[in-house]
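Okay, structure first, notes after.
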Amino acid sequence: MNRRLDNARTIRAPHGSDLSARSWLTEAPLRMLMNNLDPDVAERPEELVVYGGIGRAARDWESFDRILGALRDLGPEETLLVQSGKPVGVFRTHADAPRVLIANSNLVPNWANWQHFHELDRKGLMMYGQMTAGSWIYIGSQGIVQGTYETFVEAGRQHYGGDLAGRWILTGGLGGMGGAQPLAATMAGASMIAVECTPSRIEMRLRTRYLDRRADTLDEALAMLEAAKRDGKPVSIGLLGNAAEVFPELVRRGIRPDIVTDQTSAHDPVNGYLPAGWTLEHWAAMRERDPEAVALAAKRSMAGQVRAMLDFWRMGIPVLDYGNNIRAMAQEMGVADAFDFPGFVPAYIRPLFCRGIGPFRWAALSGDPEDIYRTDAKVKELIPDDPHLHHWLDMAREWIAFQGLPARICWVGLGQRHRLGLAFNEMVARGELSAPVVIGRDHLDSGSVASPNRETEAMRDGSDAVSDWPLLNALLNCASGATWVSLHHGGGVGMGYSQHAGMVIVADGTEAAAKRLERVLWNDPATGVMRHADAGYDIAIDCARENGLNLPGITG
(Lines of atoms letter the chains of each structure in order from A and count residues from 1; the text may use other names and numbers.)
(Lines give C-alpha, C1' and ligand atoms only; values in the text may rest on other atoms or scores of the structure.)
Protein backbone atom coordinates (compact mmCIF):
# COMPACT_ATOMS: atom_id res chain seq x y z
CA MET A 1 0.00 0.00 0.00
CA ASN A 2 1.24 3.48 -0.89
CA ARG A 3 1.10 5.36 2.42
CA ARG A 4 1.60 8.62 0.56
CA LEU A 5 -1.34 8.40 -1.83
CA ASP A 6 -4.93 9.07 -0.80
CA ASN A 7 -7.20 10.29 -3.57
CA ALA A 8 -10.19 10.31 -1.22
CA ARG A 9 -8.95 13.17 0.94
CA THR A 10 -9.56 16.85 0.40
CA ILE A 11 -7.74 18.96 2.97
CA ARG A 12 -8.68 22.56 3.67
CA ALA A 13 -7.72 24.67 6.67
CA PRO A 14 -10.50 25.61 9.10
CA HIS A 15 -11.68 29.22 8.85
CA GLY A 16 -13.15 31.50 11.47
CA SER A 17 -12.40 32.05 15.14
CA ASP A 18 -13.37 28.68 16.63
CA LEU A 19 -10.39 26.64 17.83
CA SER A 20 -9.80 22.93 17.33
CA ALA A 21 -6.53 23.12 19.30
CA ARG A 22 -5.92 24.44 22.82
CA SER A 23 -4.65 27.89 21.78
CA TRP A 24 -3.94 30.00 18.72
CA LEU A 25 -0.26 29.12 19.10
CA THR A 26 -1.08 25.52 18.20
CA GLU A 27 -4.13 26.22 16.03
CA ALA A 28 -1.89 28.29 13.74
CA PRO A 29 0.55 25.52 12.72
CA LEU A 30 -2.40 23.13 12.39
CA ARG A 31 -4.18 25.46 9.96
CA MET A 32 -1.04 26.30 8.02
CA LEU A 33 -0.12 22.61 7.63
CA MET A 34 -3.60 21.91 6.32
CA ASN A 35 -3.45 25.00 4.10
CA ASN A 36 -0.29 23.66 2.47
CA LEU A 37 -2.37 20.71 1.22
CA ASP A 38 -5.40 22.68 0.08
CA PRO A 39 -6.09 21.65 -3.56
CA ASP A 40 -6.04 25.34 -4.50
CA VAL A 41 -2.52 25.59 -3.04
CA ALA A 42 -0.64 22.31 -3.45
CA GLU A 43 0.67 20.76 -6.66
CA ARG A 44 -0.31 17.15 -5.83
CA PRO A 45 -2.12 17.22 -2.49
CA GLU A 46 -3.24 13.59 -2.75
CA GLU A 47 0.46 12.66 -2.49
CA LEU A 48 1.22 15.32 0.17
CA VAL A 49 3.31 17.18 -2.45
CA VAL A 50 3.09 20.95 -2.09
CA TYR A 51 5.58 22.22 -4.69
CA GLY A 52 9.11 21.85 -6.02
CA GLY A 53 9.16 18.32 -7.43
CA ILE A 54 8.51 16.24 -4.30
CA GLY A 55 8.43 18.94 -1.61
CA ARG A 56 6.03 17.51 0.98
CA ALA A 57 4.12 18.83 3.98
CA ALA A 58 4.25 15.52 5.88
CA ARG A 59 6.04 12.21 5.36
CA ASP A 60 2.90 10.12 4.83
CA TRP A 61 -0.79 10.32 5.68
CA GLU A 62 -0.35 8.50 8.98
CA SER A 63 2.25 11.08 10.01
CA PHE A 64 -0.04 13.89 8.86
CA ASP A 65 -2.86 12.60 11.06
CA ARG A 66 -0.52 12.18 14.02
CA ILE A 67 0.83 15.72 13.63
CA LEU A 68 -2.71 17.11 13.66
CA GLY A 69 -3.53 15.03 16.74
CA ALA A 70 -0.41 16.20 18.54
CA LEU A 71 -1.13 19.85 17.72
CA ARG A 72 -4.71 19.57 18.99
CA ASP A 73 -3.46 18.17 22.31
CA LEU A 74 -0.33 20.30 22.70
CA GLY A 75 -0.18 22.31 25.92
CA PRO A 76 0.98 25.92 26.41
CA GLU A 77 4.37 24.82 27.75
CA GLU A 78 5.04 21.92 25.39
CA THR A 79 6.95 21.61 22.12
CA LEU A 80 6.31 19.12 19.32
CA LEU A 81 9.35 17.79 17.43
CA VAL A 82 8.92 16.81 13.76
CA GLN A 83 11.63 14.80 11.97
CA SER A 84 11.32 14.89 8.19
CA GLY A 85 7.55 15.13 8.25
CA LYS A 86 6.96 12.67 11.11
CA PRO A 87 6.06 13.66 14.69
CA VAL A 88 8.62 12.06 17.00
CA GLY A 89 8.21 13.66 20.41
CA VAL A 90 6.43 16.13 22.66
CA PHE A 91 8.52 17.71 25.40
CA ARG A 92 7.92 20.12 28.27
CA THR A 93 9.51 23.50 27.55
CA HIS A 94 8.09 26.93 28.45
CA ALA A 95 5.54 29.45 27.22
CA ASP A 96 7.96 31.47 25.07
CA ALA A 97 9.59 28.42 23.46
CA PRO A 98 8.54 27.40 19.95
CA ARG A 99 5.47 25.18 19.92
CA VAL A 100 6.92 23.17 17.01
CA LEU A 101 10.50 22.43 15.97
CA ILE A 102 10.98 20.92 12.51
CA ALA A 103 14.01 19.32 10.87
CA ASN A 104 13.58 18.19 7.25
CA SER A 105 15.84 16.31 4.83
CA ASN A 106 19.04 16.87 6.81
CA LEU A 107 21.91 14.49 6.02
CA VAL A 108 25.51 14.27 7.19
CA PRO A 109 27.50 16.03 4.41
CA ASN A 110 29.26 12.92 3.04
CA TRP A 111 25.84 11.32 2.48
CA ALA A 112 24.03 14.48 1.37
CA ASN A 113 23.12 13.40 -2.16
CA TRP A 114 19.97 12.38 -4.01
CA GLN A 115 20.95 8.71 -4.19
CA HIS A 116 21.21 8.30 -0.42
CA PHE A 117 18.15 10.47 0.15
CA HIS A 118 16.07 8.29 -2.19
CA GLU A 119 17.23 5.15 -0.37
CA LEU A 120 15.98 6.59 2.92
CA ASP A 121 12.85 7.96 1.26
CA ARG A 122 11.94 4.52 -0.10
CA LYS A 123 12.36 3.05 3.38
CA GLY A 124 9.98 5.63 4.81
CA LEU A 125 12.72 7.29 6.89
CA MET A 126 12.77 10.74 5.32
CA MET A 127 10.94 13.21 3.13
CA TYR A 128 11.98 16.21 1.06
CA GLY A 129 10.69 19.38 2.71
CA GLN A 130 11.77 21.88 0.04
CA MET A 131 11.65 25.25 1.83
CA THR A 132 8.10 26.20 2.83
CA ALA A 133 6.42 22.86 2.05
CA GLY A 134 7.72 21.01 5.09
CA SER A 135 7.76 24.12 7.25
CA TRP A 136 4.04 24.86 6.72
CA ILE A 137 4.20 28.43 5.44
CA TYR A 138 3.64 28.01 1.69
CA ILE A 139 1.04 30.48 0.40
CA GLY A 140 0.87 29.46 -3.25
CA SER A 141 2.66 31.19 -6.08
CA GLN A 142 2.18 34.59 -4.40
CA GLY A 143 4.98 33.53 -2.06
CA ILE A 144 7.59 34.08 -4.76
CA VAL A 145 5.84 36.50 -7.09
CA GLN A 146 7.16 39.72 -5.56
CA GLY A 147 10.73 38.44 -5.48
CA THR A 148 10.39 37.48 -9.13
CA TYR A 149 8.83 40.86 -9.91
CA GLU A 150 11.69 42.67 -8.13
CA THR A 151 14.20 40.62 -10.11
CA PHE A 152 12.57 41.41 -13.46
CA VAL A 153 12.22 45.10 -12.59
CA GLU A 154 15.89 45.30 -11.61
CA ALA A 155 16.89 43.48 -14.81
CA GLY A 156 14.87 46.08 -16.72
CA ARG A 157 16.68 48.88 -14.89
CA GLN A 158 20.11 47.43 -15.56
CA HIS A 159 19.65 46.41 -19.18
CA TYR A 160 16.74 48.35 -20.71
CA GLY A 161 16.65 51.76 -19.06
CA GLY A 162 13.93 50.75 -16.64
CA ASP A 163 11.33 50.02 -19.32
CA LEU A 164 10.28 46.46 -20.26
CA ALA A 165 7.34 47.56 -22.43
CA GLY A 166 7.33 45.66 -25.72
CA ARG A 167 9.94 43.18 -24.47
CA TRP A 168 9.56 39.51 -23.61
CA ILE A 169 11.04 36.97 -21.25
CA LEU A 170 11.69 33.31 -22.06
CA THR A 171 11.53 30.80 -19.22
CA GLY A 172 10.63 27.23 -18.35
CA GLY A 173 8.52 25.79 -15.55
CA LEU A 174 5.08 26.65 -14.16
CA GLY A 175 5.18 24.72 -10.90
CA GLY A 176 4.70 26.15 -7.44
CA MET A 177 7.64 28.52 -7.77
CA GLY A 178 7.86 28.94 -11.54
CA GLY A 179 4.13 29.63 -11.67
CA ALA A 180 4.80 33.11 -10.29
CA GLN A 181 6.87 34.12 -13.30
CA PRO A 182 4.11 35.02 -15.81
CA LEU A 183 2.31 37.36 -13.43
CA ALA A 184 5.59 38.88 -12.23
CA ALA A 185 6.55 39.54 -15.85
CA THR A 186 3.32 41.27 -16.84
CA MET A 187 3.34 43.26 -13.59
CA ALA A 188 6.82 44.46 -14.59
CA GLY A 189 5.52 45.39 -18.05
CA ALA A 190 7.01 42.48 -20.03
CA SER A 191 5.46 39.63 -21.96
CA MET A 192 6.52 36.05 -21.31
CA ILE A 193 6.63 32.62 -22.88
CA ALA A 194 6.83 30.01 -20.12
CA VAL A 195 7.44 26.47 -21.36
CA GLU A 196 5.69 23.81 -19.26
CA CYS A 197 5.39 20.08 -19.98
CA THR A 198 2.46 19.30 -17.65
CA PRO A 199 -0.97 20.50 -18.87
CA SER A 200 -2.48 20.60 -15.36
CA ARG A 201 0.10 23.15 -14.25
CA ILE A 202 -0.80 25.46 -17.11
CA GLU A 203 -4.49 25.07 -16.28
CA MET A 204 -3.86 25.83 -12.59
CA ARG A 205 -1.99 29.05 -13.45
CA LEU A 206 -4.80 30.08 -15.81
CA ARG A 207 -7.40 29.35 -13.14
CA THR A 208 -5.57 31.39 -10.49
CA ARG A 209 -4.91 34.26 -12.96
CA TYR A 210 -1.14 33.95 -12.87
CA LEU A 211 -1.17 33.22 -16.61
CA ASP A 212 -3.06 34.84 -19.49
CA ARG A 213 -2.99 32.38 -22.38
CA ARG A 214 -2.14 28.80 -23.32
CA ALA A 215 -0.36 27.81 -26.54
CA ASP A 216 0.10 24.26 -27.80
CA THR A 217 2.86 25.02 -30.32
CA LEU A 218 5.83 27.37 -30.45
CA ASP A 219 4.47 29.06 -33.57
CA GLU A 220 1.17 29.71 -31.81
CA ALA A 221 2.99 31.21 -28.82
CA LEU A 222 5.12 33.47 -31.02
CA ALA A 223 2.02 34.66 -32.88
CA MET A 224 0.37 35.56 -29.55
CA LEU A 225 3.51 37.45 -28.59
CA GLU A 226 3.47 39.48 -31.81
CA ALA A 227 -0.22 40.29 -31.42
CA ALA A 228 0.37 41.56 -27.88
CA LYS A 229 3.27 43.69 -29.06
CA ARG A 230 1.06 45.28 -31.73
CA ASP A 231 -1.65 45.93 -29.12
CA GLY A 232 0.88 47.48 -26.73
CA LYS A 233 -0.13 45.20 -23.85
CA PRO A 234 2.03 42.55 -22.15
CA VAL A 235 0.80 38.96 -22.29
CA SER A 236 1.91 35.82 -20.49
CA ILE A 237 1.75 32.58 -22.44
CA GLY A 238 2.03 29.05 -21.09
CA LEU A 239 3.52 26.98 -23.92
CA LEU A 240 2.84 23.26 -23.59
CA GLY A 241 6.19 21.74 -24.42
CA ASN A 242 9.61 20.80 -23.11
CA ALA A 243 12.12 23.54 -22.29
CA ALA A 244 14.92 21.17 -23.27
CA GLU A 245 13.51 21.20 -26.81
CA VAL A 246 12.05 24.72 -27.09
CA PHE A 247 15.12 26.70 -25.95
CA PRO A 248 17.47 25.14 -28.57
CA GLU A 249 14.78 25.51 -31.24
CA LEU A 250 14.55 29.25 -30.61
CA VAL A 251 18.33 29.50 -30.97
CA ARG A 252 18.18 27.58 -34.25
CA ARG A 253 15.51 29.96 -35.55
CA GLY A 254 17.52 33.01 -34.52
CA ILE A 255 14.70 34.32 -32.33
CA ARG A 256 15.93 36.68 -29.59
CA PRO A 257 14.10 37.02 -26.29
CA ASP A 258 14.96 40.07 -24.19
CA ILE A 259 15.62 38.14 -20.96
CA VAL A 260 16.14 34.39 -20.51
CA THR A 261 15.81 32.33 -17.33
CA ASP A 262 14.41 28.99 -16.13
CA GLN A 263 12.42 27.67 -13.18
CA THR A 264 11.91 24.04 -14.07
CA SER A 265 12.49 21.67 -11.12
CA ALA A 266 15.98 20.92 -12.41
CA HIS A 267 17.19 20.55 -8.81
CA ASP A 268 15.56 17.08 -8.81
CA PRO A 269 16.62 15.25 -11.98
CA VAL A 270 14.44 12.20 -11.25
CA ASN A 271 11.13 13.85 -10.41
CA GLY A 272 11.50 17.41 -11.66
CA TYR A 273 12.71 17.53 -15.27
CA LEU A 274 11.25 15.81 -18.34
CA PRO A 275 14.04 14.47 -20.60
CA ALA A 276 13.95 15.65 -24.20
CA GLY A 277 11.94 13.38 -26.47
CA TRP A 278 10.10 11.64 -23.63
CA THR A 279 6.35 11.59 -23.02
CA LEU A 280 4.91 12.17 -19.56
CA GLU A 281 3.71 8.56 -19.49
CA HIS A 282 7.13 7.15 -20.34
CA TRP A 283 8.71 9.45 -17.76
CA ALA A 284 6.35 8.24 -15.01
CA ALA A 285 6.97 4.58 -15.88
CA MET A 286 10.74 5.02 -15.98
CA ARG A 287 10.79 6.78 -12.61
CA GLU A 288 9.41 3.59 -11.10
CA ARG A 289 11.51 1.21 -13.19
CA ASP A 290 14.92 2.90 -13.42
CA PRO A 291 15.27 6.26 -11.63
CA GLU A 292 19.02 6.41 -12.28
CA ALA A 293 18.41 6.24 -16.03
CA VAL A 294 15.85 9.04 -15.68
CA ALA A 295 18.34 11.22 -13.81
CA LEU A 296 21.02 10.69 -16.46
CA ALA A 297 18.63 11.45 -19.34
CA ALA A 298 17.33 14.53 -17.53
CA LYS A 299 20.81 15.90 -16.86
CA ARG A 300 21.79 15.41 -20.50
CA SER A 301 18.69 17.34 -21.52
CA MET A 302 19.49 20.08 -19.01
CA ALA A 303 22.92 20.35 -20.59
CA GLY A 304 21.24 21.01 -23.94
CA GLN A 305 19.01 23.67 -22.44
CA VAL A 306 21.94 25.39 -20.70
CA ARG A 307 23.94 25.36 -23.95
CA ALA A 308 21.02 27.21 -25.54
CA MET A 309 20.98 29.67 -22.63
CA LEU A 310 24.72 30.23 -23.15
CA ASP A 311 24.04 30.88 -26.84
CA PHE A 312 21.57 33.59 -25.84
CA TRP A 313 24.14 34.96 -23.35
CA ARG A 314 26.76 35.24 -26.11
CA MET A 315 24.24 37.18 -28.22
CA GLY A 316 24.28 39.82 -25.48
CA ILE A 317 20.90 38.84 -24.05
CA PRO A 318 20.60 38.99 -20.23
CA VAL A 319 20.43 35.40 -18.97
CA LEU A 320 20.05 34.42 -15.33
CA ASP A 321 19.89 31.23 -13.31
CA TYR A 322 16.80 31.49 -11.12
CA GLY A 323 18.04 29.17 -8.43
CA ASN A 324 17.10 25.67 -9.59
CA ASN A 325 20.72 24.48 -9.95
CA ILE A 326 20.42 23.80 -13.67
CA ARG A 327 23.94 25.17 -14.25
CA ALA A 328 25.48 22.63 -11.86
CA MET A 329 23.58 19.77 -13.51
CA ALA A 330 24.80 20.90 -16.94
CA GLN A 331 28.36 21.29 -15.70
CA GLU A 332 28.21 17.71 -14.42
CA MET A 333 27.36 16.68 -17.99
CA GLY A 334 30.39 18.44 -19.45
CA VAL A 335 29.17 22.00 -20.04
CA ALA A 336 32.35 23.58 -18.67
CA ASP A 337 31.15 27.18 -19.07
CA ALA A 338 27.72 26.62 -17.50
CA PHE A 339 28.38 29.22 -14.81
CA ASP A 340 29.29 31.97 -17.30
CA PHE A 341 25.85 33.54 -16.83
CA PRO A 342 25.01 34.65 -13.27
CA GLY A 343 22.49 33.64 -10.68
CA PHE A 344 19.69 36.09 -9.88
CA VAL A 345 20.86 36.89 -6.34
CA PRO A 346 24.35 38.27 -7.09
CA ALA A 347 23.05 39.91 -10.27
CA TYR A 348 19.99 41.66 -8.86
CA ILE A 349 19.00 40.92 -5.25
CA ARG A 350 22.05 41.03 -2.96
CA PRO A 351 21.88 44.78 -2.14
CA LEU A 352 18.43 44.14 -0.67
CA PHE A 353 19.73 41.23 1.41
CA CYS A 354 22.49 43.48 2.78
CA ARG A 355 19.77 45.58 4.43
CA GLY A 356 17.83 42.59 5.72
CA ILE A 357 15.15 43.09 3.07
CA GLY A 358 13.43 39.91 1.97
CA PRO A 359 10.14 38.04 1.55
CA PHE A 360 8.08 38.92 4.64
CA ARG A 361 4.67 37.22 4.47
CA TRP A 362 1.55 36.84 6.57
CA ALA A 363 -1.68 34.86 6.39
CA ALA A 364 -5.14 35.49 7.83
CA LEU A 365 -6.09 32.51 9.99
CA SER A 366 -9.71 33.69 9.80
CA GLY A 367 -9.88 32.93 6.10
CA ASP A 368 -11.37 36.40 5.57
CA PRO A 369 -9.77 38.39 2.70
CA GLU A 370 -10.80 41.63 4.44
CA ASP A 371 -8.22 40.90 7.13
CA ILE A 372 -5.51 41.03 4.48
CA TYR A 373 -6.87 44.22 2.94
CA ARG A 374 -6.85 45.86 6.39
CA THR A 375 -3.25 44.81 6.97
CA ASP A 376 -2.31 46.09 3.50
CA ALA A 377 -3.59 49.50 4.57
CA LYS A 378 -1.63 49.28 7.81
CA VAL A 379 1.59 48.56 5.90
CA LYS A 380 1.05 51.70 3.81
CA GLU A 381 0.34 53.72 6.95
CA LEU A 382 3.49 52.56 8.75
CA ILE A 383 5.77 52.80 5.70
CA PRO A 384 4.44 55.96 4.01
CA ASP A 385 7.58 56.94 2.10
CA ASP A 386 8.01 53.87 -0.11
CA PRO A 387 6.01 54.36 -3.34
CA HIS A 388 7.48 51.17 -4.83
CA LEU A 389 6.06 49.13 -1.93
CA HIS A 390 2.69 50.90 -2.18
CA HIS A 391 2.59 50.19 -5.91
CA TRP A 392 3.32 46.53 -5.20
CA LEU A 393 0.49 46.29 -2.64
CA ASP A 394 -1.94 47.95 -5.06
CA MET A 395 -0.97 45.57 -7.85
CA ALA A 396 -1.16 42.58 -5.52
CA ARG A 397 -4.72 43.43 -4.51
CA GLU A 398 -5.78 43.89 -8.12
CA TRP A 399 -3.97 40.98 -9.74
CA ILE A 400 -3.25 38.25 -7.21
CA ALA A 401 -5.88 35.62 -6.48
CA PHE A 402 -5.65 34.16 -3.00
CA GLN A 403 -4.93 30.44 -2.78
CA GLY A 404 -6.21 28.79 0.38
CA LEU A 405 -6.04 31.07 3.42
CA PRO A 406 -5.73 34.70 2.28
CA ALA A 407 -2.13 35.87 2.51
CA ARG A 408 0.16 38.66 1.46
CA ILE A 409 3.86 39.01 0.77
CA CYS A 410 5.96 42.14 0.61
CA TRP A 411 9.70 42.67 0.74
CA VAL A 412 10.60 44.68 3.85
CA GLY A 413 13.67 44.66 6.04
CA LEU A 414 15.30 45.38 9.37
CA GLY A 415 13.44 48.02 11.34
CA GLN A 416 10.21 47.49 9.40
CA ARG A 417 9.25 43.88 10.06
CA HIS A 418 8.93 44.17 13.84
CA ARG A 419 6.87 47.37 13.50
CA LEU A 420 4.46 45.62 11.16
CA GLY A 421 4.23 42.59 13.44
CA LEU A 422 3.45 44.73 16.47
CA ALA A 423 0.84 46.68 14.50
CA PHE A 424 -0.87 43.51 13.29
CA ASN A 425 -0.90 42.19 16.86
CA GLU A 426 -2.52 45.41 18.05
CA MET A 427 -5.14 45.12 15.30
CA VAL A 428 -6.02 41.64 16.57
CA ALA A 429 -6.20 42.94 20.14
CA ARG A 430 -8.56 45.77 19.12
CA GLY A 431 -10.80 43.49 17.09
CA GLU A 432 -9.87 45.12 13.78
CA LEU A 433 -8.98 41.67 12.45
CA SER A 434 -11.40 38.79 12.86
CA ALA A 435 -8.74 36.31 14.02
CA PRO A 436 -4.98 36.16 14.61
CA VAL A 437 -2.47 36.25 11.76
CA VAL A 438 0.69 34.23 11.24
CA ILE A 439 3.84 36.00 10.10
CA GLY A 440 6.66 34.15 8.38
CA ARG A 441 8.92 34.22 5.37
CA ASP A 442 10.53 32.10 2.72
CA HIS A 443 13.77 30.35 3.66
CA LEU A 444 15.13 32.39 0.74
CA ASP A 445 16.00 35.36 2.92
CA SER A 446 19.04 37.39 3.78
CA GLY A 447 20.32 35.52 6.84
CA SER A 448 18.65 32.13 6.76
CA VAL A 449 20.27 30.21 3.93
CA ALA A 450 23.59 28.87 2.69
CA SER A 451 23.31 27.96 -0.99
CA PRO A 452 26.46 28.50 -3.08
CA ASN A 453 24.61 28.23 -6.39
CA ARG A 454 21.80 30.55 -5.36
CA GLU A 455 21.41 32.88 -2.35
CA THR A 456 25.07 32.86 -1.31
CA GLU A 457 26.62 32.59 -4.78
CA ALA A 458 29.77 34.71 -5.27
CA MET A 459 29.94 36.12 -1.75
CA ARG A 460 32.56 38.85 -1.49
CA ASP A 461 34.72 36.94 1.02
CA GLY A 462 34.32 33.49 -0.58
CA SER A 463 32.09 32.20 2.22
CA ASP A 464 29.45 30.85 -0.18
CA ALA A 465 29.32 27.35 1.37
CA VAL A 466 29.54 28.30 5.06
CA SER A 467 26.32 26.98 6.60
CA ASP A 468 26.88 28.19 10.17
CA TRP A 469 24.70 31.18 9.32
CA PRO A 470 21.33 29.43 8.84
CA LEU A 471 22.04 27.32 11.92
CA LEU A 472 22.63 30.47 13.97
CA ASN A 473 19.50 32.01 12.48
CA ALA A 474 17.39 29.02 13.56
CA LEU A 475 18.91 28.95 17.04
CA LEU A 476 18.34 32.68 17.54
CA ASN A 477 14.72 32.42 16.38
CA CYS A 478 14.16 29.64 18.92
CA ALA A 479 15.71 31.76 21.66
CA SER A 480 13.66 34.79 20.58
CA GLY A 481 10.30 33.02 20.78
CA ALA A 482 9.17 32.14 17.25
CA THR A 483 6.07 29.93 17.24
CA TRP A 484 7.64 27.34 14.99
CA VAL A 485 11.16 27.03 13.62
CA SER A 486 12.46 24.76 10.87
CA LEU A 487 15.87 23.68 9.65
CA HIS A 488 16.06 22.08 6.20
CA HIS A 489 18.55 20.78 3.66
CA GLY A 490 18.42 20.78 -0.13
CA GLY A 491 15.61 23.24 -0.79
CA GLY A 492 15.56 24.98 -4.15
CA VAL A 493 18.78 23.50 -5.51
CA GLY A 494 18.65 19.89 -4.35
CA MET A 495 20.47 17.52 -2.04
CA GLY A 496 23.97 18.56 -1.05
CA TYR A 497 23.66 22.14 -2.27
CA SER A 498 21.89 24.11 0.49
CA GLN A 499 20.97 24.42 4.15
CA HIS A 500 18.31 26.86 5.30
CA ALA A 501 16.06 27.84 8.17
CA GLY A 502 12.51 29.10 8.53
CA MET A 503 10.44 30.72 11.23
CA VAL A 504 6.78 31.57 11.76
CA ILE A 505 5.29 33.62 14.59
CA VAL A 506 1.68 34.17 15.64
CA ALA A 507 0.18 37.58 16.33
CA ASP A 508 -2.74 36.69 18.61
CA GLY A 509 -3.30 40.09 20.19
CA THR A 510 -1.72 39.32 23.55
CA GLU A 511 1.01 41.21 25.39
CA ALA A 512 3.11 38.05 25.44
CA ALA A 513 2.86 37.84 21.65
CA ALA A 514 3.93 41.48 21.33
CA LYS A 515 7.14 40.79 23.24
CA ARG A 516 7.91 37.75 21.10
CA LEU A 517 7.09 39.59 17.87
CA GLU A 518 9.39 42.48 18.74
CA ARG A 519 12.29 40.11 19.44
CA VAL A 520 11.80 37.71 16.55
CA LEU A 521 11.01 40.22 13.83
CA TRP A 522 14.01 42.34 14.77
CA ASN A 523 16.51 39.54 15.28
CA ASP A 524 15.57 37.49 12.22
CA PRO A 525 16.37 40.14 9.56
CA ALA A 526 19.26 41.40 11.70
CA THR A 527 21.01 38.06 11.16
CA GLY A 528 20.94 38.81 7.43
CA VAL A 529 22.58 42.17 7.95
CA MET A 530 25.12 40.47 10.24
CA ARG A 531 25.90 37.75 7.70
CA HIS A 532 26.51 40.22 4.88
CA ALA A 533 28.42 42.67 7.07
CA ASP A 534 30.69 39.80 8.12
CA ALA A 535 31.31 39.09 4.42
CA GLY A 536 32.46 42.67 3.92
CA TYR A 537 29.52 44.34 2.17
CA ASP A 538 29.58 48.08 2.87
CA ILE A 539 25.79 48.39 2.53
CA ALA A 540 25.34 45.83 5.31
CA ILE A 541 28.00 47.41 7.53
CA ASP A 542 26.32 50.80 7.17
CA CYS A 543 22.91 49.25 7.89
CA ALA A 544 24.28 47.55 11.01
CA ARG A 545 25.68 50.82 12.32
CA GLU A 546 22.51 52.77 11.51
CA ASN A 547 20.43 50.24 13.45
CA GLY A 548 22.78 49.89 16.40
CA LEU A 549 23.63 46.23 15.89
CA ASN A 550 26.34 44.92 18.17
CA LEU A 551 28.66 43.08 15.76
CA PRO A 552 32.07 42.61 17.41
CA GLY A 553 34.89 43.71 15.14
CA ILE A 554 32.49 45.39 12.70
CA THR A 555 30.41 47.97 14.56
CA GLY A 556 32.44 47.97 17.79
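The backbone N, Cα and C atoms fix where each Cβ goes, glycine too.
Annotated in Swiss-Prot:
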type	residues	note
ACT_SITE	C410	active site
BINDING	52-53, Q130, 176-178, E196, R201, 242-243, 263-267, 273-274, Y322, G492	NAD(+) binding site
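Features as recorded by Swiss-Prot, highlighted on the structure.
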residue: G52; record: NAD(+) binding site; Cβ contacts under 8 Å, 6 or more apart: Y128, Q130, M131, A133, G175, G176, M177, S265, H267, D268, G272, G491, G492
residue: E196; record: NAD(+) binding site; Cβ contacts under 8 Å, 6 or more apart: G172, G173, L174, G178, I202, G238, L239, L240, G241
residue: A243; record: NAD(+) binding site; Cβ contacts under 8 Å, 6 or more apart: G172, G173, V195, C197, D262, T264, Q305
residue: Y273; record: NAD(+) binding site; Cβ contacts under 8 Å, 6 or more apart: A244, T264, S265, A266, A298, S301, M302
residue: C410; record: active site; Cβ contacts under 8 Å, 6 or more apart: Q146, F360, R361, V379, L389, W392, L393, A396
Around the Cβ of G492 (NAD(+) binding site), how many other Cβ atoms lie within 10 Å? Please give the count over every shown protein chain. 27
Around G176 (NAD(+) binding site), how many other C-beta atoms are within 10 angstroms of its C-beta? 29
